[in-house]
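> Following this message is one structure expressed as structure tokens.
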Amino acid sequence: MATVLTTAIDVCFNPQNSDTKKHSLFLKPSLLRQSRTRKLNISCSSLKQPKTLEEEPITTKTPSLSEQLKPLSATTLRQEQTQILSKPKSVWVNPTRPKRSVLSLQRQKRSAYSYNPQIKDLRAFAQKLNSCNFTEKSEFLSLLDEIPHPPDRDNALLVLNSLREWQKTHTFFNWVKSKNLFPMETIFYNVSMKSLRFGRQFQLIEEMALEMVKDGVELDNITYSTIITCAKRCNLYDKAIEWFERMYKTGLMPDEVTYSAILDVYSKLRKVEEVLSLYERAVATGWKPDAIAFSVLGKMFGEAGDYDGIRYVLQEMESMDVKPNVVVYNTLLEAMGRAGKPGLARSLFNEMLEAGLTPNEKTLTALVKIYGKARWAKDALQLWEEMKAKKWPMDFILYNTLLNMCADIGLEEEAERLFNDMKESVQCKPDNFSYTAMLNIYGSGGKAEKAMKLFEEMLEAGVQVNVMGCTCLVQCLGKAKRIDDLVYVFDLSIQRGVKPDDRLCGCLLSVMALCESSEDAEKVMACLERANRKLVTFVNLIVDEKTEFETVKEEFKLVINATQVEARRPFCNCLIDICRGKKRHERAHELLYLGTLFGLYPGLHNKTIKEWSLDVRSLSVGAAETALEEWMRTLANIIKRQEDLPELFLAQTGTGTHRFSQGLANSFALHLQQLSAPFRQSDRAGIFVATKEDLVSWLESKFPPLVTSQA
């Protein structure tokens, strides 16, 4: 007869070290010795009869192993598991994204979702409030009394979050608060503040924040973020910094939105050191900058033209494994343009394409502006061909930027092809800026016939004429001596609502200087009188031989002060040209002196030990001739005083790329030839050179009384 044997086994169990991830073999011996053990007797049955054990009669049925372990699992293990899982911690787990960049977000707690059977009625009520006209506040308040259900916490929050206009949100918030049905929590203030931020109502937001502090309502991360971003939108940068520092004092950790906003505030204030200090401090606390933050940094360095700063941003993004998006690339491209780095901008654009991103209109516009500024016509046209081939998005701004680039570089045929593409386009038909760019191209090229034809086409299409288009056309017709057409265009533009500005007045002045007959000059003068009557009075004053210099000086000061800064030097150039055309050369010298006195011609004279130079690149033809004559007078006086002179003299006219110096080099060379001056064309275009020996000899022949030892 087989017998069943039982063997007692001692099992050691430590309830304090029940971590299933660690085996007891990996514990230190000292820990094993310190652990309290509990002995459990477990009987095992065997059908075999061991020889070393005595046989015992079986009186009762022995429980199985599972039955003997059941008390253990039902008591000790279940008790430990219940204790561990009694307060579970919520942990953010997302394998597709890194862990949260902010260490401790302190925002309001979200209540568990529960179905509200009253939600349909409340949403209909909110819709009624949104459709109500808020001009009559009493009417809106009367509607609030018609709320279908009592405004408890959940109902009031639902309606508050459904209102669109900030005025209604603010009124409903105060109405709920006046009912005093429940304590106002942080979430109510946050929802109201966000609506007020949309309406740029910072003062109301700040009042609500101070009310929260007074009533002991907690200001969380969302509260401070809303206050700071609203202050930034309202350009109240000091307030944004004030609340950001207040947030830091409370111990709250800013999130991505807050950090990006305050970085943008510091950058707009041009506080570069503060931006870098805040950036490093934020990174040290565990904040990981996002693409928006890097975009802010790139924009700051770009506006300063700091190329090293732009490189720093790119290196930081690479080290933190932040992939730039299209917005970041756009910002960096604009920064490269301000820093004057067209080659690096092109490399950055190619990097963007390699990353699989598709450029948008802003990207392409920024790149075209960079190419146009650098006069990279070939690259700009290649980019345009690539746009059409890949069907990248194009808008009015991009088309007009391309047209303006063609106007600056002088690409007439390419501009005409672009303009025809706009005509065939469905979404981007030519507007007044497009027509203005084409008028600028034809005007710069002296194509008066094409310009007039385009002007008539513009009128037939119903496109509004702007002052810039009128200025380009007046300049073109004035150079072509088509004064009657000029008067027609000017009169029609005024009838269409164009208000003459200083640029148009300067253009009329330049045309008046070109007029050969007094009849044409009077026609242009009549147009100028309709645009700027005081300017016409001053023109009559300076051409009058009886006018004294002191009178000219006082009136000149009044005219220049009433003129925009960018138009002051062109005005003075044109006035000098008019005086030279009227054979009033001494008056022209007086105007040049006054222009120099009032700072209109900085950098006109430059001196070094080896050479003296005259820079007339920003002058008109008549003003440049006057400046040369004035320079020769000054040198003659220096020779008379027997002062030291350099070995070389230079006169710089440029190559005619500036809009006020087109054709200046040829006219200046002709004037030198008429004077028999010893200046000769240098190997570099637009530079005329004379030696001291030749110039002194010429001045001696020009001014015989001079006695000099400089030869």
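Quick reminder: no glycine exception, Cβ is built from N, Cα and C everywhere.
As listed in TrEMBL for this protein:
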- 614-696: domain 'Smr' (DOMAIN)
- 220-254: repeat 'PPR' (REPEAT)
- 255-289: repeat 'PPR' (REPEAT)
- 290-324: repeat 'PPR' (REPEAT)
- 325-359: repeat 'PPR' (REPEAT)
- 360-394: repeat 'PPR' (REPEAT)
- 395-425: repeat 'PPR' (REPEAT)
- 431-465: repeat 'PPR' (REPEAT)
> Near the repeat 'PPR' (395-425), which residues from the same chain, at least 6 beyond its ends, have a CB less than 8 A from one of its CBs?
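Here the qualifying positions are 361, 364-365, 368-369, 371-372, 375, 377, 380-381, 384, 388, 431, 433-434, 437-438, 440-442, 444-445, 447.
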> Going by DSSP assignments with H, G and I as helix and E and B as strand, what are the residue counts for the domain 'Smr' (614-696)?
37 helix, 14 strand, 32 coil
> Going by DSSP, how much of the repeat 'PPR' (395-425) is helix, how much is strand and how much is coil, in residues?
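Going through the repeat 'PPR' (395-425) residue by residue, I get 27 helix, 0 strand, 4 coil.
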> DSSP-wise, what's the residue breakdown of the repeat 'PPR' (431-465) into helix, strand and coil?
26 helix, 0 strand, 9 coil
> Pull the DSSP breakdown for the repeat 'PPR' (255-289) and write it out as helix, strand, coil residue counts.
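So the counts come to 26 helix, 0 strand, 9 coil.
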> Please list, for the repeat 'PPR' (360-394), how many residues fall into helix, strand and coil according to DSSP.
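DSSP classes over the repeat 'PPR' (360-394) add up to 27 helix, 0 strand, 8 coil.
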